[in-house]
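Enquirer: My questions will all concern the structure given below.
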Amino acid sequence: MERRGSSCLCRCLALLALLPTLSLAQYESWRHYPEYFQEPAPEYHRPEVPSDVAKIQLRLAGQKRKHSEGRVEVYYDGQWGTVCDDDFTIHAAHVVCRELGYVEAKSWTASSSYGKGEGPIWLDNVYCTGSEATLAACSSNGWGVTDCKHTEDVGVVCSEKRIPGFKFDNSLINSIENMNIQVEDIRIRAILSAFRKRTPVTEGYVEVKEGKTWKQICDKHWTAKNSRVVCGMFGFPGEKTYNTKVYKMFAARKKQRYWPYSMDCTGTEAHISSCKLGPQVSLDPVKNVTCENGLPAVVSCVPGQVFSPDGPSRFRKAYKPEQPLVRLRGGANVGEGRVEVLKNGEWGTVCDDKWDLVSASVVCRELGFGSAKEAITGSRLGQGIGPIHLNEIECTGNEKSIIDCKFNAESQGCNHEEDAAVRCNIPAMGFQKKLRLNGGRNPYEGRVEVLVERNGSLVWGMVCGENWGIVEAMVVCRQLGLGFASNAFQETWYWHGNINANKVVMSGVKCSGTELSLAHCRHDGEDVACPEGGVRYGAGVACSETAPDLVLNAEIVQQSTYLEDRPMFMLQCAMEENCLSASAAQTNPTTGYRRLLRFSSQIHNNGQSDFRPKNGRHAWIWHDCHRHYHSMEVFTHYDLLNLNGTKVAEGHKASFCLEDTECEGDIQKSYECANFGEQGITMGCWDMYRHDIDCQWVDITDVPPGDYLFQVVINPNYEVAESDYTNNIMKCRTRYDGHRIWMYNCHIGGSFSEETEKKFEHFSGLINNQVSKR
């Protein structure tokens, strides 16, 4: 056996989530599901509220991480109050979410998880069947009858999907001061031809949807702060001035339809639904509203560098720091990932205590994206490594960088299970409409079909499957908003795609993995060459919302390294598996020996799904010497390099058996090599290749004394998808004097700033590893 089992009168805010979904042409967060391209759903007719039921308004308040969640607050009898969590159920949560215009509730939370509210606790012991038109129709102890405290305030998490055609009840709107924005949808409509032709749309009228009608907003009370919020929602970090004269000319040509109200934002809101309702343009919203001495409100947004239609963006210097101080890691899509901050030359994570939309939006804008769509907690985008630099971050929303916010530098009580992440709003680039999956068993898989221009016409066709790999598949899944790639298929004869797309129109695709679109990858252009040809060899993908993330424990490598002079007669299995250098063939089998650089490697899965071998069990290889199956021919590379990067020796470990050696906390082991067991590494577990197992070495018999780099690369050929490939390389400085070896400064690539990386060759913390004679 080779292995060792390795969260009074209150007249503020008022409710409603505004823009959970935007039209497909304006916003690119839609899943590429077939149902999104079917006929529009019929208009929703809200159930009648019985005449004897009190009229109320609801809102979601508190420390929110998404605009569609928060503490449930009820406006009744001239006051805002809360709801107690006693006897609250998912049925009551459904009623709340539907009253707010969402399709359903995803969950509900107890014990003031969004912070304690103020004012009366209006409802206690609420019982709903789930079919009620309003929370006021559910049974309860009665208005204000409760024995609860605000530590028991209930919250809900609503689905972001809106009820089609939902109309808000504005009957109480004039009786509530500081009411929040209440509209079904919002958009930026390009007016000038120059902007209509651009992608993304960066300038135009701000329009809101009421029923089936899009209406303009009067600019009489419009401010730059309003523009900042709107631009942020559409994926832009900032706003700028525009030519008012040309818009006056356009407004004079056509009669406008104005929304009866105005907006009042502070500029720090992540979502327009958090802005307050501004002064009314007309006291009688029923009549045709005019904008006296005014024009339709216009926004002109500044895109980040990645999304600029004219090359490098000209946005303010604040968005272009000379050295990035924050980065995102482990996200499937552009503008999302675990937040990592550079401090004292080392990258570290952010603890999710007090992490909310305001702080997350500061990160997003700093990186050239819009406001935050979601502040993610609980290491849902994978665990980081290294220090936790920031804790209990509290931003006002006006900061240029996350490091300008108030925070606690102490990370006591935090661990990497609490790493904070963000999902930012990004501009609609239209990439999703140029790619589709067909023939799969579910919307996450299928044959890849691309839209290309041929002879002046747009046609759909296949992608040649030759040399198609997981990196190319990752770009496809990202472009479609379907997460990570779990598989890349070079043959898709078993999937029946669109019969009108059976011709190969793209070949020679080679991606780096960072592209926003498959069209951005290198390919043959119109000179399509697919040797195998035919429908059989069209490229395909399977996508997944989660992925594993393997990271090597650098400290264990450094601590376990030593030299061993091992006799040739003890290396018969190693010879069979080609684990020795070529010169071993000339070594005397009885008296000769090989000098081996031995070490242990502990490989952790810090991702959000299990790491499974690329090949199925039918393709595993039996190794008689080790008496078990190996599931991956190439899992890691072990290399000794000159300081100029030239390889002088390499590990020749032929293949690997993957299993769970140990796991964190109460996580159960799922994989083992023995008895033809399933192989892989469970999330939260690690696989330990001990220094004393066969082939766990680099044969340095022919290496002269000197200074070297020792490098370990996990999953070097990208055979299995991971959420982050940047942490797959570990490097150590190595000094070998012919008898002893020193291994020091072992670290994972990308853990330090570029400046610090350049200094890591300085001799410090040396470990003296003597030669071990056997």
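Note that the numbers count up from 1, one per residue, in the order the chain is shown.
Glycine residues also receive a Cβ, built from the backbone N, Cα and C atoms like all the rest.
According to Swiss-Prot, the protein carries these features:
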SIGNAL    1-25  signal peptide
DOMAIN    58-159  domain 'SRCR 1'
DOMAIN    188-302  domain 'SRCR 2'
DOMAIN    326-425  domain 'SRCR 3'
DOMAIN    435-544  domain 'SRCR 4'
BINDING   ASP549, LEU550, GLU722, ASP724, ASN727, ASN728  Ca(2+) binding site
MOD_RES   TYR689  2',4',5'-topaquinone
Enquirer: To the nearest whole angstrom, what is the C-alpha distance linking ASP549 (Ca(2+) binding site) and TYR689 (2',4',5'-topaquinone)?
Expert: 18
Enquirer: Measuring Cα to Cα, how many Å separate ASN728 (Ca(2+) binding site) from TYR689 (2',4',5'-topaquinone)?
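Expert: Their Cα atoms are separated by 16 Å.
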Enquirer: Secondary structure at GLU722 (Ca(2+) binding site) (DSSP, helix/strand/coil)?
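Expert: It is coil.
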Enquirer: For ASN727 (Ca(2+) binding site), which residues in the same chain are close in space, meaning a Cβ under 8 Å from its Cβ, but six or more apart along the sequence?
Expert: ARG329, ILE385, ASP549, VAL551, ILE748, GLY749, GLY750, SER751
Enquirer: With helix taken as DSSP H, G or I, strand as E or B and everything else coil, how many residues of the domain 'SRCR 1' (58-159) land in each class?
Expert: 16 helix, 34 strand, 52 coil
Enquirer: Cα-Cα separation of LEU550 (Ca(2+) binding site) and TYR689 (2',4',5'-topaquinone), in Å?
Expert: 14
Enquirer: Count the residues of the domain 'SRCR 2' (188-302) that DSSP assigns to helix (H, G, I), to strand (E, B) and to coil, and report the three numbers in that order.
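Expert: For the domain 'SRCR 2' (188-302), the helix, strand and coil counts are 30 helix, 28 strand, 57 coil.
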Enquirer: Please work out the helix, strand and coil residue numbers for the domain 'SRCR 3' (326-425) from the DSSP assignment.
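Expert: Once the DSSP states are binned, the domain 'SRCR 3' (326-425) shows 16 helix, 38 strand, 46 coil.
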Enquirer: For ASN728 (Ca(2+) binding site), list the number of other Cβ atoms lying within 10 Å of its Cβ atom.
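Expert: Its Cβ has 22 other Cβ atoms within 10 Å.
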Enquirer: For the recorded Ca(2+) site formed by ASP549, LEU550, GLU722, ASP724, ASN727, ASN728, name the remaining residues of the chain with Cβ within 8 Å of the site's Cβ center, in chain order.
Expert: PRO548, VAL551, ASN606, GLY607, ILE714, ASN715, SER723, TYR725, THR726
Enquirer: Would you count the other CB atoms within 10 A of the CB of ASP549 (Ca(2+) binding site), including those on all shown protein chains?
Expert: 26
Enquirer: Could you please provide the mean pLDDT value for the domain 'SRCR 3' (326-425)?
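Expert: Within the domain 'SRCR 3' (326-425), the model's average pLDDT equals 93.
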Enquirer: Could you check the binding-site residues GLU722, ASP724 and say which one's CB has the fewest neighbouring CB atoms inside 10 Å?
Expert: ASP724
Enquirer: What is the separation, in Å, between the Cα atoms of GLU722 (Ca(2+) binding site) and TYR689 (2',4',5'-topaquinone)?
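Expert: Cα-Cα, rounded: 20 Å.
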Enquirer: Give me the CA-CA distance between ASP724 (Ca(2+) binding site) and TYR689 (2',4',5'-topaquinone), in Å, as a whole number.
Expert: 22
Enquirer: When you measure from the Cβ of TYR689 (2',4',5'-topaquinone), how many other Cβ atoms are you left with inside 10 Å?
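Expert: TYR689 (2',4',5'-topaquinone): 23 neighbouring Cβ atoms within 10 Å.
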Enquirer: In the domain 'SRCR 4' (435-544), how many residues does DSSP put in helix, strand and coil?
Expert: 19 helix, 40 strand, 51 coil
